[in-house]
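Below is a structure I'd like to ask you about.
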Amino acid sequence: MRLHEHQAKQIFAKHGIRVPRGEVATSPEEAEKIAEKLGGRVVVKAQILVGGRGKAGGVKKANSPEEAKEVAKKILGMTIKGHRVEKVLVEEQLNMRKEYYVGYVVDKSSRLPTVIFSRMGGMDVEEIAAKHPDAIHRIYFDPLWGLKDYEVRKALFRAGFEGEEFKQMFDIIKKLVDIAFAYEAELTEINPLAVTDEGFLAADARLNTDDNALYRHPELAELREATEEDPLEREARLKGINYVHLGGNVGVIANGAGLAMATMDIINLMGGKPANFLDTGGGLADPVKMKNCLLHVLKDPNVRVVFINIYAEITRCEKVAEGIILALDEAPRKVPLVVKLAGTNEEIGREMLERYSSEKGAEIHFVESIEEGARKAVELAG
């Protein structure tokens, strides 16, 4: 789950990272009052959960309360990358001498928690890495031992930090990692980290948490806004279905996250575009679970075919087949299915589906391998 900028800043401030003074407004009149309270010179920032707000016109400066009102009037109601702006953050303008970058992420290559920092801030870290790779500094550390002070000092010395900037950067890196571990975050980021005459401030803030850890952090779960979630993902979450909407036209259902991702990869290799990730989870003893998964995938109007890839150990293929039949009986529309059943009672499951297809006219294609299934699904999707 990604938090809004103003929510992330509240958490950062709670942990001792300085942030600009500001408040959230949902109307131009509110924005005007907040700007007056802050002295007139403010920045009005769209609060939506996508990047690129500035380039899309969602971040603008104002030099008076009246101008803040006019700017807010333009930003509120805007649609940026499919997200409608319902609120803005109005905060004091900063006199920035420099802009730095600092963030925490779990690096997928090293599989280690990693601090990334740079003297070049205000742009995407990927852009910095592409144009100025030497400007990016990384600290990999052992999650069992945590981030050691000497590791941070060594990295900052190598990057050329000294004096007061060294002290403040050290402090912010340590606090950013503390926040990440306290909230089980996948990402904590300050970009830009503003260097002002008064010290370092988080001019922008990001905090992405792990959805699977939210039950341990009810205070974060309460911040989730239904309007900012993909409707299909929200419905799946409420039903307990492990689903991610991807926007392609080949629906994917597999029993296991690894199998689902491998299926998606091969669909991509075959020139197709997966519509979703869906992991049914283990067991599938209850046919209703399979039924609900298939019906949910079919709610995406872009889906033209569904590839069902099942490897059955504890799972029994006849229960999977029963769930597919239940779904097809209820489905509001018909799409072709590509089905690969392997494992416990696969012959029984296949016979059930073949009989149903023959009697009801359902278009079900059976395959023997994941490659054959992906190829067939891409072909049917057109």
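Numbers here mean position along the shown chain, with the first residue as 1.
The backbone N, Cα and C atoms fix where each Cβ goes, glycine too.
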Of the residues K45, K108, only one is listed by Swiss-Prot in the ATP site with G52, R53, G54, E91, L94, E99. Which is it?
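My reading of Swiss-Prot gives K45 as the candidate in that site.
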Cα within 10 Å of E99 (ATP binding site) is the criterion; apply it to the binding-site residues N191, D204, N255 and give the hits in sequence order.
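Near E99 (ATP binding site), where near means Cα within 10 Å, the binding-site residues are N191.
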So how many other Cβ atoms are close to R53 (ATP binding site), meaning within 10 Å of its Cβ?
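For R53 (ATP binding site), the 10 Å Cβ neighbour count is 21.
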Take every residue in the domain 'ATP-grasp' (9-235), average their pLDDT values, and give the whole-number result.
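The predicted confidence over the domain 'ATP-grasp' (9-235), as a mean pLDDT, is 93.
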Of the binding-site residues N191, D204, N255, which sits closest to K45 (ATP binding site) by Cα distance?
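Its closest listed neighbour, by Cα, is D204.
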